[in-house]
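Listed in Swiss-Prot:
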- 153-164: compositional bias 'Pro residues' (COMPBIAS)
- 273-295: compositional bias 'Basic and acidic residues' (COMPBIAS)
- 302-314: compositional bias 'Basic and acidic residues' (COMPBIAS)
- ARG342: citrulline (MOD_RES)
- 1-314: region 'Disordered' (REGION)
- 328-360: region 'Disordered' (REGION)
Amino acid sequence: MDTPLRRSRRLGGLRPECPESLTSVSRTRRALVELESNPEETREPGSPPSVQRAGLGSPERPPKTSPGSPRLQQGSGLESPQGQPEPGAGSPQRQQDLHLESPQRQPEYSPESPRCQPKPSEEVPKCSQDQGVLASELAQSKEELTPGAPQHQLPPVPGSPEPYPGQQAPGPEPSQPLLELTPRAPGSPRGQHEPSKPPPAGETVTGGFGAKKRKGSSSLAPASKKLNKEELPVIPKGKPKSGRVWKDRSKKRFSQMLQDKPLRTSWQRKMKERQERKLAKDFARHLEEEKERRRQEKKQRRAENLKRRLENERKAEVVQVIRNPAKLKRAKKKQLRSIEKRDTLALLQKQPPQRPAAKI
């Protein structure tokens, strides 16, 4: 088993980027397994071993690699054409320093120029420690989808001082945002999307989905309300406080029952009803008074009629004045009943003196 110390000896004294990554033995082991499983490696005769094994032999793993660094781009997959390590000034040590300590991002390419150019004499790129075997398998599956994608380039040999077309002169640059890790076909512009992913629907698709959602929401609204009503759990009522489980819960005290209040009437209607009641009372009193008046009139008329009849009878009667009291003594009881005492002075004054007739 190769340890980070032994591997650093064999690589010829490469300087690690960060001492914290020396403990990641498992990740370096994965990178070695990936390298051994790749039979397409070829070495260039003129390049020193340190340059050829620059991407593999570094035992360090940066804790947080910038999104645009070639290490992250190498770990993205075998077919990833996004980043290339820049060629050095001419010495192997300079190339090692550029590859290990100063990772640089690649410049923005025009849509006409491919992302990177393949080189038949170069070896297949290695998987970095940060991605591992899972990232390599994912990259291989994506590479099968796009067979025409160019391979990642390694640093050129020290004898070639000229950079490749599309590359930038070495120098520290700020890291760019994370780029797409899926392969691109050569000649495909930067703005195009991958073939493995479906193209975005755009406004038309989103609008259509929103329209479908709006149409479906109106139809599902009553159904959702019904479901909510049906889903409400039936909570059983507990034992009454009094302990009477047979107690009828519908029965309540009269004070607890809700009583309907009488309908409120307007002020005008109240005054109208009061006036009507007053008129009814007045009319009833008037009727009683009228009835009493008629009764009194009838009584008075009756009395007057009786008095007038008596007077008429007296006027029409024939009387005999008894001037001899001895006759009264000899008269019988039956005769005495018909005899009356009356005041005859008024009659004598009104009428001329007549000869009185004796009653038999």
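Glycine is no exception: its Cβ is also placed from the backbone N, Cα and C atoms.
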Query: Can you tell me how the residues of the compositional bias 'Basic and acidic residues' (273-295) break down into helix, strand and coil by DSSP?
result: 23 helix, 0 strand, 0 coil
Task: Kindly report the helix/strand/coil residue split of the compositional bias 'Basic and acidic residues' (302-314) according to DSSP, in that order.
output: 13 helix, 0 strand, 0 coil
Query: Within 10 Å of the Cβ of the residue listed as 'citrulline', how many other Cβ atoms can be counted across all chains shown?
result: 10
